[in-house]
Structure formats: structure tokens, C-alpha cells
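Chemist: Supplied in C-alpha cells, the structure appears directly below.
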Amino acid sequence: MLTLGLESSCDETACAIVNEDKQILANIIASQDIHASYGGVVPELASRAHLHIFPQVINKALQQANLLIEDMDLIAVTQTPGLIGSLSVGVHFGKGIAIGAKKSLIGVNHVEAHLYAAYMAAQNVQFPALGLVVSGAHTAAFFIENPTSYKLIGKTRDDAIGETFDKVGRFLGLPYPAGPLIEKLALEGSEDSYPFSPAKVPNYDFSFSGLKTAVLYAIKGNNSSPRSPAPEISLEKQRDIAASFQKAACTTIAQKLPTIIKEFSCRSILIGGGVAINEYFRSAIQTACNLPVYFPPAKLCSDNAAMIAGLGGENFQKNSSIPEIRICARYQWESVSPFSLASP
């Protein structure tokens with residue numbers, strides 16, 4: 001079975017083709033550089049760009065796989081969560097292809113797909129497992145009993161970890177997206193230069209707003225506004241703040257894991273999302289947990305359509321009926337069920 005996946009939940013326009021063995025035959029991702037000057041994604045610009053770019057990435061994916069639309073068995077498209085305009089563009093492209101080529105169409109949950117990206121690239125994952133999604137929009141922990149059953153056990157109470165990296169980057173005067181730049185600066189900084197403390201919140205939830213404010217005050221002074229211009233700071237100070245912040249942000253998540261693993265008798269860890277590409281984060285997780293940890297390859301950490309096609313194909317094969325696609329901007333935490341057909 002061949003599945004063509006479409007991803008447009010935010011500012012990446014992506015198309016991929018995946019077969020029933022989880023082999024990626026094509027994986028095309030077009031990032032939108034137009035948002036950099038705004039310091040973040042502008043929803044209207046993102047949706048307009050998707051309209052322009054989708055035909056190109058779809059054609060490139062088909063060319064890369066040396067296939068035709070007629071060869072596809074299924075069209076999978078991101079339906080939730082994300083920017084409503086961007087989601088709508090992707091869904092309507094998917095519907096158009098499905099109707100025109102007389103193919104089946106299935107909607108996919110973007111957050112579930114990030115977890116599936118780790119599962120997709122792994123071999124012999126042992127269950128039950130702990131699942132972590134660490135991205136620009138979401139930070140959450142899941143108990144995965146088996147590949148078709150899991151439940152939410154903790155999530156951020158405020159900012160997502162990836163969002164926090166970008167906001168701290170703005171404080172430091174770095175361009176968007178700031179995550180890779182902070183990681184690079186941190187390599188030459190001292191992580192103990194600033195006493196940023198990882199947040200401690202009850203249960204298995206996370207919090208990053210206090211850390212974000214602490215970094216703001218370290219750069220601009222107490223009671224500063226996030227919108228006030230960043231002062232001129234030395235490269236050495238940039239490096240030290242980046243390293244100290246990165247340590248605290250990663251520790252905020254890593255410190256929770258041993259307790260979760262013990263409580264739920266987890267035998268492995270699956271991690272997905274853009275922050276999963278950060279090498280310091282990977283090391284912190286592996287150090288905190290004496291378990292097999294499965295990260296996606298770098299090309300599947302950020303938003304991509306291969307994870308959408310893979311999860312869509314898996315769901316289609318395991319379910320006898322396909323629910324109607326429902327576009328939804330917000331993630332519906334109470335109705336998650338990875339690798340299954342969960343409607344928002």
C-alpha cells in the first residue's frame with residue numbers, strides 16, 4: 001500500500017510517500033522564510049504560502065519516488081492541531097487529490113504523528129513505553145501501553161519547550177527560529193554561569209514560563225518587559241545564558257522521567273518533535289533514564305509529511321471505517337489515542 005501524506009499545520013509545507021513497511025519513498029519539506037523578519041509565524045502569510053507551494057512539493061515527491069498520483073492507495077492529511085488556515089489549505093488539497101484520483105482520504109493528528117515518527121524509525125520497541133512530544137507548540141508525556149493504546153499523563157501548564165527556546169532567542173537578539181542558534185551558542189558557554197532553576201510543578205506536568213522570565217531578567221534587568229529591546233550583550237554572555245538556559249529547560253523534563261518510568265513500569269521511551277533534534281536534550285534524557293530511548297532521525301524531528309503518511313497508513317489498515325475529517329486548531333487532550341483513529 002502506498003500513502004501520500006500532506007502536512008501544513010504551521011509553516012512547513014510538506015509531502016511524502018510511505019509504503020506499508022514504513023519505508024519512506026519520498027519526503028519533501030519546504031520551510032517558509034518569510035516569517036523570520038516577524039520573529040514568529042504569521043498565520044495569514046503561512047496559509048497563503050501553502051497555497052502557492054503545495055503543488056510544487058507534491059510534484060517533487062512524486063518525482064522523487066518515480067510514481068504517479070494514480071499509484072497511490074491512500075491520501076493522508078494533517079487535520080489537527082495547528083493554524084486553522086494552514087490546516088484548511090492542506091485538507092482541501094488532500095480532498096481535491098482524493099476526489100480527482102478516486103482515492104481514500106484519512107485525517108491525521110499532528111501530535112500523534114510526532115510520536116509515530118520515533119516508532120516509525122525504531123526496531124523492536126518494548127511496551128509499555130513512555131512517550132514525549134517536545135515541539136514548538138506542545139510539550140506532553142504519554143503512557144503508551146501498546147502501539148494502539150495510550151493516555152496523557154502530563155503536559156505543559158504554559159509555554160511549550162520549543163516556544164520557550166524561540167522566546168529566549170528573541171531576548172538574546174537572535175533571529176527566528178532560535179532553537180538551533182541557542183544550541184550552537186551553548187556549546188561554548190558555561191551552563192553554570194546563571195542559576196536558572198528547572199520548574200518544579202506537581203504530578204507529571206511541566207512549566208517553562210518562570211524559566212523564561214528568569215532569563216528575561218538576567219538579560220534586561222528585573223521587571224523588564226518582553227517587548228523592550230534587547231540590550232547589547234557580549235558574545236561571551238550570550239553563550240553563558242544560552243548554556244544555562246538550555247540546561248534548565250532540558251532538566252525541567254528530564255527530572256520528571258525516572259518517577260514516571262517507575263510509576264508506569266515503562267520499558268522504553270519514544271520521543272518526537274522539533275526539540276528532539278537538540279543533542280544536549282538527547283543526552284539529558286538518556287542520562288536520566290536507564291532505558292532504550294528512541295528518537296526520530298533528524299529529518300523526522302521537525303514537521304514533516306512522512307510521519308503523517310506513515311500514521312495515516314497504519315490507521316487505515318487497522319480500522320474498518322474512516323471518520324469524517326474535522327479540522328481543529330487546538331489539541332483535544334481528552335481524546336488522544338496514538339496510532340489509532342482518534343477524532344478531535
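Cβ atoms are placed via backbone N, Cα and C, with glycine included.
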Chemist: Using only what Swiss-Prot says about Fe cation binding by His110, His114, identify which of Asp240, Asp303 is listed for that site too.
Modeler: Asp303
Chemist: To which of Asn59, Asn66, Asn222, Asn278 does Swiss-Prot also attribute binding of substrate at the site defined by Val133, Val134, Ser135, Gly136, Ala137, Asp166, Gly179?
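Modeler: The one candidate that Swiss-Prot places in that substrate site: Asn278.
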Chemist: Using Val134 (substrate binding site) as the reference point, find which of the binding-site residues His110, His114, Asp303 has the shortest Cα-to-Cα distance to it.
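Modeler: Nearest listed residue in space: His114.
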Chemist: Return the maximum Cα to Cα distance in Å (whole number) over the record's substrate-binding residues: Val133, Val134, Ser135, Gly136, Ala137, Asp166, Gly179, Asn278.
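Modeler: The span, Cα to Cα at its widest, is 17 Å.
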Chemist: Sorry to bug you, but what's the C-alpha spacing from His110 (Fe cation binding site) to Gly179 (substrate binding site), rounded to the closest Å?
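Modeler: So the Cα of His110 (Fe cation binding site) lies 20 Å away from that of Gly179 (substrate binding site).
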Chemist: Give me the Cα-Cα distance between Asp303 (Fe cation binding site) and Asp166 (substrate binding site), rounded to a whole Å.
Modeler: 16
